[in-house]
Amino acid sequence: MTTSTQLGTSPVRQSKLTRGQRPKWLVPVIGVAAIVAGAALAALVGFSIALWALFAAVIFLVVGPLAVGLIEGSRSGTDSLMTFLVYAAFILAVIPLISVIWTVLVNGIPGLTSNMLFTSMNGVTGFHDNQADAPGSVIGGAYHAIVGTVSITFWATLMSVPVGLLTAIYLVEYSRGGWLGKAITFFVDVMTGIPSIVAGLFAAALFGMIFGPSTRTGFVAAVALTVLMIPTVVKNTEEMLRIVPNELREASYALGVRKWRTILKVVIPTAISGIASGVTLAIARVIGETAPLLVTAGFATAINWNSFSGWMTTLPTFIYYQIMTPTSPTNPDPSLQRAWAAALILIVIVMLLNLVARLIARAFAPKTAGR
Amino acid sequence: MSKRIDVENLNVYYGDFLAVQDVSMNIEPRSVTAFIGPSGCGKSTFLRTLNRMHEVIPGAYAQGKVLLDGDDLYGKGVDPVTVRSMVGMVFQRPNPFPTMSIRDNVLAGVKLNNKRISSKDADDLVESSLRGANLWNEVKDRLDKPGSGLSGGQQQRLCIARAIAVKPDVILMDEPCSALDPISTLAIEDLINEIKTDYTVVIVTHNMQQASRVSDKTAFFNIEGTGKPGRLIEYAPTTDIFNNPQKKDTEDYVSGRFG
Ligand SMILES: Nc1ncnc2c1ncn2[C@@H]1O[C@H](COP(=O)(O)OP(=O)(O)O)[C@@H](O)[C@H]1O
Ligand SMILES: [Mg+2]
């Protein structure tokens with residue numbers, strides 16, 4: 001009772017514990033001041049937004065920590081300097097990302113017509129492009145490229161996930177630091193560094209040797225992508241399996257469970273969310289590959305669902321060819337529009353994959369709630 | 001079922017390192033045997049040789065004989081998996097399977113081995129095992145909740161339930177209470193007293209009061225110095241170890257006069 005009245009009568013009383021702290025408004029005010037001062041300075045030199053941002057950031061990074069340091073002592077000053085630096089680094093890191101997404105959205109959305117999504121380039125010639133005068137009247141699209149991307153990635157995933165998963169299981173659960181395990185680790189590390197075009201040439205040469213020169217199908221491309229995916233899947237799965245506590249394996253052995261069953265029923269389920277998201281990220285990485293596809297899958301304008309015969313186009317190669325060799329050399333705008341729209345579709349697919357990875361991770365994550 | 005264990009001249013190695021030297025002892029069925037001794041003297045190592053969990057560690061092996069009702073665990077052609085289904089183990093840190101519910105944790109020994117079990121039998125097994133581990137009343141309403149959501153003491157009792165659900169003959173416990181609060185510790189000690197009517201229990205403990213409370217016989221292990229192998233110094237009825245030890249080392253250790 002007494003305490004509450006006391007508190008009520010002295011609303012401005014400052015706690016002894018918070019004395020000597022900076023007022024809440026200090027940092028925002030310095031921020032605003034830095035923006036204004038930055039604008040003024042930039043105007044002196046010759047105004048541009050980049051200069052403005054640079055000056056404002058520098059002023060803020062100098063004045064903010066100084067002010068905090070003067071009020072709260074040097075430890076707090078250093079602390080806020082570091083905090084602001086971390087935020088600055090973060091902003092620098094996301095600028096390119098946001099700018100890429102923004103550019104692709106702005107350029108891609110006008111081209112995202114139903115033609116784009118549901119028709120191929122079969123029979124579309126420079127004549128049609130010359131006729132097109134508005135974004136909506138461009139005909140032809142990337143349906144065949146979407147089909148190609150989906151089927152080639154599907155085959156690549158189907159081949160690389162089992163191989164990668166089993167390799168990782170061997171490395172973590174069976175090799176016990178033997179020479180074979182060390183050799184595999186070494187070669188996987190080397191494979192990680194293979195340039196993607198080399199993987200493409202490898203697949204092209206391999207199939208050329210077996211089925212005759214210039215064998216180009218979606219499957220050859222899938223093999224090239226498999227070479228690129230396997231090391232990623234191995235490395236990631238290995239990591240995920242290693243963080244499964246040994247105690248769980250021992251608990252399982254102590255119940256009289258065989259090793260392979262322990263791996264299958266205890267170790268993998270415990271790590272599955274990480275493994276699944278790793279696989280998805282590996283897919284997301286190869287889905288945007290261009291170089292190896294140019295030398296393995298050929299180039300098609302028509303829809304081809306069959307990865308084992310005939311050439312195929314994927315979204316990245318579609319973009320590449322639309323930009324480098326526009327359908328109508330005299331009027332490249334429709335091709336440009338298709339390229340941007342295809343880029344947007346590719347980004348959306350990758351984002352969807354990431355989303356799927358998160359959902360999988362959430363669905364499989366060990367259940368820890370409900371204490 | 002409950003079986004006797006006879007250990008004859010057992011040497012236990014980690015690679016080249018001899019961790020436990022020349023241990024021989026006889027453990028009676030339906031009794032509780034406690035292993036005490038300073039840290040690093042090889043109690044855990046020795047315990048893990050009793051169900052061939054020791055060799056799970058790369059490079060680790062044991063020489064000598066461990067007879068379970070006369071059959072040598074380390075005999076030719078003996079499958080360690082069979083041994084482990086007869087000799088269960090409870091670890092120092094509670095380790096329920098995080099991906100499984102409480103019910104599935106209890107059934108883990110059955111399900112992981114893909115044994116067929118009707119859902120009625122499964123229900124009965126879950127109830128009897130959890131009752132056996134004094135946990136049934138606390139969890140019967142949330143059997144489908146994850147096991148990792150229980151308190152530490154409950155988790156440890158869940159691990160005991162999981163171990164007795166496979167109906168072993170022997171239960172080994174490696175400092176089962178060292179991560180638990182006093183109340184949970186008491187609950188587990190009571191439990192050990194109850195299950196010794198059905199099982200041979202071997203328990204490693206750092207707590208000498210605990211050894212004297214729960215065990216019938218006590219084995220004192222010691223080590224001469226780091227890098228030296230651990231040895232069995234004295235093995236006798238618990239009252240003798242604590243009240244009338246034959247060896248000076250034992251006396252020093254149980255009376256707290258230990259360097
Ligand atoms: N995984 C291992 N690899 C090698 N040496 C080990 C391992 N585990 C334990 N040791 C060694 O074996 C000896 C006995 O250890 P341990 O059985 O854990 O002792 P305690 O359980 O009595 O504290 C110690 O010297 C320890 O360093
Ligand atoms: Mg130990």
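Backbone N, Cα and C atoms are what each Cβ position is placed from, and that goes for glycine too.
Per TrEMBL, the features are:
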DOMAIN    A:146-357  domain 'ABC transmembrane type-1'
TRANSMEM  A:25-45  transmembrane segment
TRANSMEM  A:51-72  transmembrane segment
TRANSMEM  A:84-105  transmembrane segment
TRANSMEM  A:152-172  transmembrane segment
TRANSMEM  A:184-211  transmembrane segment
TRANSMEM  A:217-234  transmembrane segment
TRANSMEM  A:266-287  transmembrane segment
TRANSMEM  A:339-361  transmembrane segment
| query | Per the 3+ Cβ pairs under 8 Å rule, pairs at least 6 apart in sequence, do the transmembrane segment (A:217-234) and the transmembrane segment (A:152-172) touch? | reply | yes
| request: Count, for each of A:25-45, A:152-172, A:184-211, the Cβ pairs lying under 8 Å from the transmembrane segment (A:51-72), and report the range with the highest count. | output: A:25-45
| Any chance the transmembrane segment (A:84-105) and the transmembrane segment (A:184-211) have 3 or more Cβ pairs under 8 A, given the pairs are 6 or more apart in sequence? | no
